[in-house]
Amino acid sequence: MATMWFQGSLCTAAMTPRSVSIHPMSSLFAPAVIYPTLSSSWRSISLSNRSADCRTILLKRSSCWMPARARSLAAVADGGDSIEDGSILDDGSIVTTDEVEVHKHFKLPERDFTGTPYVPVYVMLPLCSINMDCELVDADGLLEQLKVLKSVDVDGVMVDCWWGIVEANAPQQYRWSGYKQLFQIVRNLDLKLQVVLSFHECGGNVGDDVHIPLPHWVTEIGQSNPDIYFTDREGRRNTECLSWGIDKERILRGRTAVEAYFDYMRSFRVELDEFFESGTISEIEVGLGPCGELRYPSYPAKNGWRYPGIGEFQCYDRYLLKSLWKAAEARGHLSWARGPDNAGSYNSWPHETQFFRDGGDYDSYYGRFFLNWYSQVLTDHGDRVLALANLAFEGTCIAVKLSGIHWWYKTASHAGELTAGFYNPSNRDGYAAIAKMLKKHRVALNFTCVELRTLDQQEDYPEALADPEGLVWQVLNAAWDVGIPVASENALPCYDREGYNKILENAKPRKDPDGKHLSAFTYLRLSSVLMEKDNFLEFERFVKRMHGEAVQDLQLQSS
């Protein structure tokens, strides 16, 4: 068989942050086109990414359909550039699905992270570490697991301090005993602590294996006044967290919601003072919404939401409707004092709705007014709570978590983000205002989904038009642009090298001219599955590379 070779660079037609050097908010829409085919049986193709660093890979002509993961070459050394259906070569020819197959026996070298910046690695503790009586569960077993983590140089652990446990029975009656015992064990092992102040309910979300409700005295108030909860258009209440509409309403036994959060934070700072003084507590993450994330509870499984539904707006409690009415009055259009009536339901897709479809009402005068108000309520809530958090935890690093809503990112409206409160359509940067607010309070950003690959999403859920890599690129740079630290965590359990490599690439961007890198990474989560031999060896290897240490089994390639 004759063999033909050429050298050429590649750029992908599908918009992912590592395939072309353009902002992910650029146009993502193009009609389907039938392209010419490759003419040779074998080609050596040089891939070029933003840093102009080239790799040589082999492609084999094939008439069979191949999985997207294979078409992407699994990962080109650094989890970066990838060949996709529709990729354009230097000679103008187009790579099509039925023509390209990765040579299955060609092993690509990995990027060498030896000597790169040290990124601390934390591990989330199980949700059930502390029971409803504020007692540490299985202290001996947890101690042994923490010793194992310590043996591979994990820097620390993350633990949720649940409002529904600590202040369960009566206002301003706090119980910290179980947490004190846990913190003492962590300190004795010379590990660090990231503490999440969780003002939300646990249960009903992905990965939840326990149920921890809001404090009993709060749910009693909710029985007589259900408007304390976020509410959808059909009037369904979400008891996962309190509506931001009551941030300044004195309906929690004489206190506003923000005052209740502050009293809780102040009690924690006083009662756990010794762990601040010893330096054991390295960071306080302040919960600002469902799952502890700064977002609306727009996609609750308990209300029937299923991926990749667009979710629903959550602004129909009487307190938020009152705020919307005031905003419409100030604008001079009282007819706008309403939520959209054509935005579909939890499991709708954007094109099925008049509001989110291309050219839909989301970009009308009313739509822009409503989305500005809806997203501003989110930013204002963060602003109020973080101002008080800085009073309670002066001198301590504070962080806020944002969720990675990557589905429908490759559409014009970004419907999933809009219902969650992130006003981030293709013609607007919805994360800049949030980053500016965090900068105001000197607060770090913690972002999720850094392990997800866009091509994997295209293979598993092509209808979702998801782009986690584009979203991560946008959000991390929004934070870095204003000069705040950025940490991250994985959204789903991760045990494989491919996922770890993607995390590493996001943690330490290749040849970034400013040397930007993550301030920390938190692994979701400590479990018996992680402790299985093969999984734990892979995790240990990942920790070493995050720390910039050499590992022995790599076929290394200079970065």
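Each Cβ is built from the backbone N, Cα and C atoms, and glycine gets one as well.
Remember, predicted model here, so these are calculated numbers, not experimental data.
Database features (TrEMBL):
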type	residues	note
BINDING	ASP160, HIS200, ASP208, LYS401, HIS406, THR448, ASN490, ALA491, ARG525	substrate binding site
ACT_SITE	GLU293	active site, proton donor
ACT_SITE	GLU489	active site, proton acceptor
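Overlay of TrEMBL annotations on the structure.
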residue : record                       : Cβ contacts under 8 Å, 6 or more apart
ASP160  : substrate binding site       : LEU125, LEU127, VAL196, SER198, CYS202, GLY292
GLU293  : active site, proton donor    : GLY287, LYS401, LEU402, SER403, THR448
HIS406  : substrate binding site       : GLY416, CYS449, LEU452, GLN457, ALA466, ASP467, PRO468, GLY470, LEU471
GLU489  : active site, proton acceptor : MET124, LYS401, ASN446, PHE447, THR448, VAL450, PHE521, THR522, TYR523, LEU524
ASN490  : substrate binding site       : THR448, CYS449, VAL450, GLU451, GLY499, ILE503, TYR523, LEU524
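There are 18 other Cβ atoms within 10 Å of the Cβ belonging to ARG525 (substrate binding site).
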